[in-house]
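Here the structure is laid out as structure tokens; the discussion comes afterwards.
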Amino acid sequence: MATIPEVPASELIQTMPRVGMGTAAFPFTSSEDTTAAMLRAIELGYRHFDTARIYATEGCVGEAVAEAVRRGLIASRADVFVTSKIWCSDLHAGRVVPAARETLRNLGMDYVDLLLVHWPVSLTPGNYDFPFPKEVILPSFDMEGVWRGMEECHRLGLARAIGVSNFSAKKLEQLLSLAAVRPAVNQVEVNPMWQQRTLREVCRREGVQLCGYSPLGAKGTPWGSAAVMDSGVLQEIAGAKGKTLAQICLRWLYEQGDVLLVKTYNEKRMKENLDIFNWELTDEERERISQLPQLRGLPGLEFISDHGPYKSVEDLWDGDV
């Protein structure tokens, strides 16, 4: 069983495994398959699981953790790190705490280790299929009111740490200026083809842990891109090193100091994704990766609307590269 390095504990967050298992899948995977994959991941050494209300996988993660305890794979729920997120339809000052309680009911847990604001966008309260109709996007996002709700989740012990997802550097700095409890994490798309240089600099300066999703570009998903897996440079580096292209990408994120989220239910790839800790990229390889052309795979077009807070992709991301 692999041992995964952890981000050291700080005043904002307890120790956090540097590699986590993601559970986002559209179309949705059956709950039985998801739960079985989570159990196998625990057997292989994964201890960090990322879920969200909108993924419809909170129950699967909770069932897998409970079954792992029953089987003796882990001693208790405390042996895993669980992240979930408040979806946009609940990103209203008075709805954050009730939404967090619903997440805990879904998980069958008393707390999550990390609770995130999923996107800096509010939708009309209700349940919508994804993608949602544009008319439910509200014209403004009450960042301060939402964050006060997140802070209350932290105060009540519903979440051991709180953070954000899909926040640009500018929005993160805006949040930091008003937060009583600082965000511990910003979870965003990160891979060699979208390196997040501006945001990473801000996160390092402010002590916010960067957590990367889609580290391989999420090829084959509605939101992903083939640019990473089709990169000739990454293929050459992988061939010369005797590693898979995926391992090159994951090692690159690891060397940046990021927490990274992988998503596969294939056991062989689960194992390969953990074989990134006992070797390094060379300076030349890092330099070649730094020169790769940049392409955002997830622009967030679903949140762009003439009557919403973001009229363009530039508005949503504030020019981050």
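For all residues, glycine too, the Cβ spot is worked out from N, Cα and C.
As written in Swiss-Prot, here are the features:
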- Tyr55: active site, proton donor (ACT_SITE)
- Lys85: site 'Lowers pKa of active site Tyr' (SITE)
- His118: substrate binding site (BINDING)
- 214-273: NADP(+) binding site (BINDING)
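Classification of Met270 (NADP(+) binding site) by DSSP places it within a helix. Only Lys85, from the recorded positions Tyr55, Lys85, Tyr254, place their Cα within 10 Å of the Cα belonging to His118 (substrate binding site). In the three-state DSSP reading, Lys85 (site 'Lowers pKa of active site Tyr') counts as strand. In the three-state DSSP assignment, the secondary structure recorded for His118 (substrate binding site) is coil.
Across the structure, Ala246 (NADP(+) binding site) and Tyr55 (active site, proton donor) place their CA atoms 24 angstrom apart. The two recorded residues, Ala238 (NADP(+) binding site) and Lys85 (site 'Lowers pKa of active site Tyr'), show a Cα separation of 34 Å. Look at the recorded positions Tyr55, Tyr254 and count other Cβ atoms within 10 Å of each Cβ; Tyr254 has the fewest. Here the Cα atom of Tyr254 (NADP(+) binding site) is found 23 Å from that of Lys85 (site 'Lowers pKa of active site Tyr'). The Cβ neighbour count for the residue listed as 'substrate binding site', using a 10 Å radius over every protein chain in view, is 21. Secondary structure at Val262 (NADP(+) binding site), taken from DSSP and collapsed to helix, strand or coil, is strand.
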